[in-house]
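Colleague: Input: one structure, supplied below.
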């Protein structure tokens with residue numbers, strides 16, 4: 001970003017506050033089962049008369065046990081977004097490679113640091129999958145790599161073996177790599193994709209995760225990152241103190257022990273993904289792209305998302321206009337996977353746009 005240049009506002013999902021009435025929020029990719037019941041007991045135990053432990057020792061111990069690493073490998077933050085910005089700032093990234101469309105905060109973090117990312121377009125014809133051979137080639141132009149795995153808004157992932165090849169290339173170039181795994185726990189076969197086992201082999205690998213997405217509590221901002229002790233120490237030097245409040249710390253200490261909730265969520269969400277994809281693909285004016293996580297990218301074969309969003313809002317449904325993601329336009333929108341009854345409301349509302357004349361019937365739909 002050039003000196004004196006103003007940054008355009010970056011909009012995110014979950015912004016129900018701009019709209020009136022009770023809405024079913026399909027714009028925010030949060031666990032449809034909601035937070036575990038015991039969370040309220042954990043919150044009651046918070047002592048607001050004291051600062052949180054500035055080193056977050058007990059919280060880091062809980063995370064370390066969950067992911068299988070040492071406390072020295074962990075940093076915590078006010079959501080994954082804080083850690084993404086911290087990474088860009090600590091490594092002074094000016095031109096990292098960002099396969100796109102992707103989470104908007106990657107780009108924003110770099111531009112706020114005075115940089116301009118190198119972009120690699122994820123092709124619709126390839127299902128928006130990350131072509132790691134193209135990444136290997138394009139990374140020659142970059143001073144870092146920021147990769148969503150699974151990626152938002154496309155819902156696609158890259159397997160660990162391919163990540164390992166990317167890391168070897170990055171190591172030869174002596175550049176840092178951030179892999180954002182905010183949604184990885186929703187994946188049915190997540191162990192094939194997670195990069196955590198690679199942290200011990202690569203000093204400049206930083207893996208970021210978000211607690212609030214999978215555990216259904218975006219109001220409690222909590223994220224964590226895993227890296228080598230030297231990388232974590234470097235990030236801590238740039239980090240503001242006490243960015244994780246007492247509520248988030250208390251909940252986080254217990255969250256990762258609830259294995260039943262974790263498995264129940266993964267099973268429920270993946271069953272709903274299959275149901276939603278099947279149902280959405282019966283609607284002629286839509287293209288529903290494959291996904292491995294709790295959201296689905298959709299493309300209109302006719303019309304614009306503005307028309308669809310306006311009509312759905314009148315039915316009490318909020319979707320995510322995806323046109324502000326790089327390389328996407330007004331034909332694209334994203335919906336979260338929610339509870340069955342809510343998902344059916346969305347499906348029926350989208351089908352109903354035929355009858356209302358908002359969308360053309362199947363005889364007049366063109367790709």
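Here the Cβ of each residue, glycine as well, is placed from N, Cα and C on the backbone.
Sharing the features that Swiss-Prot gives for it:
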- 12, 13, 29, 152, 320, 334: O-phospho-L-threonine binding site (BINDING)
- 213: N6-(pyridoxal phosphate)lysine (MOD_RES)
Colleague: Just counting, how many other CB atoms are there within 10 A of the CB of residue 152 (O-phospho-L-threonine binding site)?
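Modeller: Taking all protein chains shown, residue 152 (O-phospho-L-threonine binding site) has 24 Cβ neighbours within 10 Å.
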Colleague: Need the DSSP three-state call for residue 213 (N6-(pyridoxal phosphate)lysine) to compare against my parser.
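Modeller: Going by the DSSP assignment, residue 213 (N6-(pyridoxal phosphate)lysine) falls within a helical segment, counted as helix.
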Colleague: Through the lens of DSSP with three states only, how would you label residue 29 (O-phospho-L-threonine binding site)?
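Modeller: The three-state answer is coil.
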Colleague: Determine, from DSSP, whether residue 334 (O-phospho-L-threonine binding site) sits in helix, strand or coil.
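Modeller: Going by the DSSP assignment, residue 334 (O-phospho-L-threonine binding site) falls within a strand, counted as strand.
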Colleague: Which is it, of 213, 320, 334: the one of these recorded positions whose Cβ has the most other Cβ atoms within 10 Å?
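Modeller: Within the set of recorded positions, the most crowded position is 320.
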Colleague: Applying a 10 Å Cβ distance cut-off over all chains shown, what neighbour count does residue 29 (O-phospho-L-threonine binding site) have?
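Modeller: A 10 Å sphere around the Cβ of residue 29 (O-phospho-L-threonine binding site) contains 28 other Cβ atoms.
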Colleague: Quick check for the class: what is the C-alpha distance, in angstrom and rounded, between residue 320 (O-phospho-L-threonine binding site) and the residue listed as 'N6-(pyridoxal phosphate)lysine'?
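Modeller: With distance taken Cα to Cα, the residue listed as 'N6-(pyridoxal phosphate)lysine' is 16 Å from residue 320 (O-phospho-L-threonine binding site).
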Colleague: So, three-state DSSP: helix, strand or coil for residue 320 (O-phospho-L-threonine binding site)?
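Modeller: Strand, per DSSP.
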Colleague: What's the CA-CA gap between residue 334 (O-phospho-L-threonine binding site) and the residue listed as 'N6-(pyridoxal phosphate)lysine' in angstrom, rounded?
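Modeller: Rounded to the nearest whole number, the Cα-Cα distance is 16 Å.
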Colleague: State the Cα to Cα distance, in Å, between residue 29 (O-phospho-L-threonine binding site) and residue 213 (N6-(pyridoxal phosphate)lysine), rounded to an integer.
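Modeller: Residue 213 (N6-(pyridoxal phosphate)lysine) has its Cα 7 Å from the Cα of residue 29 (O-phospho-L-threonine binding site).
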Colleague: Rounded to the nearest angstrom, how far is the Cα of residue 213 (N6-(pyridoxal phosphate)lysine) from the Cα of residue 152 (O-phospho-L-threonine binding site)?
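Modeller: Rounded to a whole number, the Cα-Cα distance is 12 Å.
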Colleague: Please report the DSSP secondary structure of residue 152 (O-phospho-L-threonine binding site), reduced to three states.
Modeller: coil
